[in-house]
Amino acid sequence: MKITKYRTKKSLGQCFILDPAIAEKIVSYAGCLEQYNVIEVGPGLGIMTQSILNKEVRRLTAIEKDRRLSNIHSKLKEAHAEYDCIFEDILDVNIEQLLSQSPLKMISNLPYNISVILLLKLLPYIHRFEKLILMFQKEVADRIVAQPNTKSYSILSILVQLLCDVRKVEDFPPEIFSPSPKVYSSVIEITPLLSPRFSVDNSYFAQVLKKLFHCRRKTIRNSLKSCIKDADALFIGCNIDPNARAESLTIEQLCSLTNALKARNINII
């Protein structure tokens, strides 16, 4: 199937990699695949899919929303018994069932319009993967790997890095895609930890982060003054400057603050 015969859908965030050499380079970052079950989200025209299959993967499961691509993936399935393509919206898929077989790796050029939503959906199960090699819009990738005291440091940075080691592998120009997006893209290597870096109640942690980063230029004292009256003593007990802003706090400090707030049964509103 030629790209000229296929009309991409902007609503699906479709930006296809057409050069097999680029696809092979991205797949190479995942390392050996011979004994692995691999997940690919948004296989599109199957260029990356073929590169993964060339690595003698144990099992490759792709999830594709666009049923117009079924002919391509039916042919790949006929040629490779280890391949299967599920035509469904990944956001509607039972993630626990999808990730039931180990060991697991994930390699994907993620649709831009769902990349963050999908990553957050995967986080509760992220420990099941040995490694994820994912293509994001560069701005999103920068947020994932960002450190404190940087413009890109955000809730996304914190939630992902609490559970994983992250590394930006390479930036790619718009020209490698069809259609070409208006921005650069980046490949991120995500290596899940065996356990979180710090112990914290995930649901409560998310509430605290949302409160602190809602107005990121506010001091943490001002951000939490509606929730707790003697906040300064609590901050000092956590070795945190009450005049600091959320964007300057490390993940360890944020977890310590969250645990202290929870210990006092503070309702975050």
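Here the Cβ of each residue, glycine as well, is placed from N, Cα and C on the backbone.
Record check, Swiss-Prot: S-adenosyl-L-methionine site residues include Ile17, Gly42, Glu64, Asn109, and the candidate from Asp89, Asp142 also listed there is Asp89. In this structure, Ile17 is the one among the binding-site residues Ile17, Gly42, Glu64 with the smallest number of other Cβ atoms inside 10 Å of its Cβ. Within its own chain, Asn109 (S-adenosyl-L-methionine binding site) has Cys15, Phe16, Ile17, Ile26, Gly42, Gly44, Met48, Met135 as residues 6 or more apart in sequence whose C-beta sits under 8 angstroms from its own.
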